[in-house]
């Protein structure tokens, strides 16, 4: 089986933000995130993810507009719940928009969206995007209250924040976070949601997450960009997709259990 060409097993969303970070570090026109996205598709990416931040620290408006008509898969645009970003998203029309929390001083997204605390605002954003024909995803912590609130907004998709799992430093903590994520997946499914996941996943920690049968899609960026320094961009994408699909397929064999998750 060609792992990087296995649709329907588990989807890989390649995040191109940090290709733009490299470009912007020198104020050049290279490396081109658009070219990176198209090459990622050729290497087996099922979608391209990019985050248009309010401060435009990596992806620029022009990147999103240039990329949208060129993609053969689909665009997953991450953005904050602000009127400016919602209007941009509705104008460009990506297939998916993932609403994320955003603070200017953070290095990367530090936690999930507080749907419970900002319910009315998030619900209104979901309605505006859905009205433009865009599928909405909410990037949330693997918490039952947040999942229930996400379902109540009308969003059809949640992306579970895997950062605490990725940052866990001992076996007990890793196992606890995997259990937390698996229960959140089950809760999301119970509410009729499509469940995705991402944040902090790399080549040696993605396997237990990819093995969880209820997860449809993983969005991974920094690890692939970093690995590409040594392995090459398309090889890095192919390797990640192969690891994910192998983990999922091995988990669906009769004798397999979810790695790291106690029964």
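Including glycine, each Cβ sits where the backbone N, Cα and C put it.
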Say Swiss-Prot lists 15, 26, 221, 222 as binding 3-amino-2-oxopropyl phosphate: which of 163, 188, 192, 200 is in the same site, per that record? 200
Among residues 15, 26, 200, 221, 222 annotated as binding 3-amino-2-oxopropyl phosphate, what is the maximum Cα-Cα distance? Answer in Å. 25
Between C-alpha atoms, which of these recorded positions comes nearest to residue 53 (1-deoxy-D-xylulose 5-phosphate binding site): 15, 26, 78? 78
By the count of other Cβ atoms within 10 Å, pick out the sparsest of the recorded positions 78, 159. 78
Counting Cβ atoms within 10 Å across all protein chains shown, which of the binding-site residues 18, 26, 222 comes out on top? 18
Taking the Cα of residue 78 (active site, proton acceptor) as the centre, which of the recorded positions listed as 26, 51, 58, 159, 199 lie within 10 Å of it? 51
Listing them in sequence order, which of the recorded positions 17, 58, 199 have their Cα within 10 Å of that of residue 222 (3-amino-2-oxopropyl phosphate binding site)? 17, 199
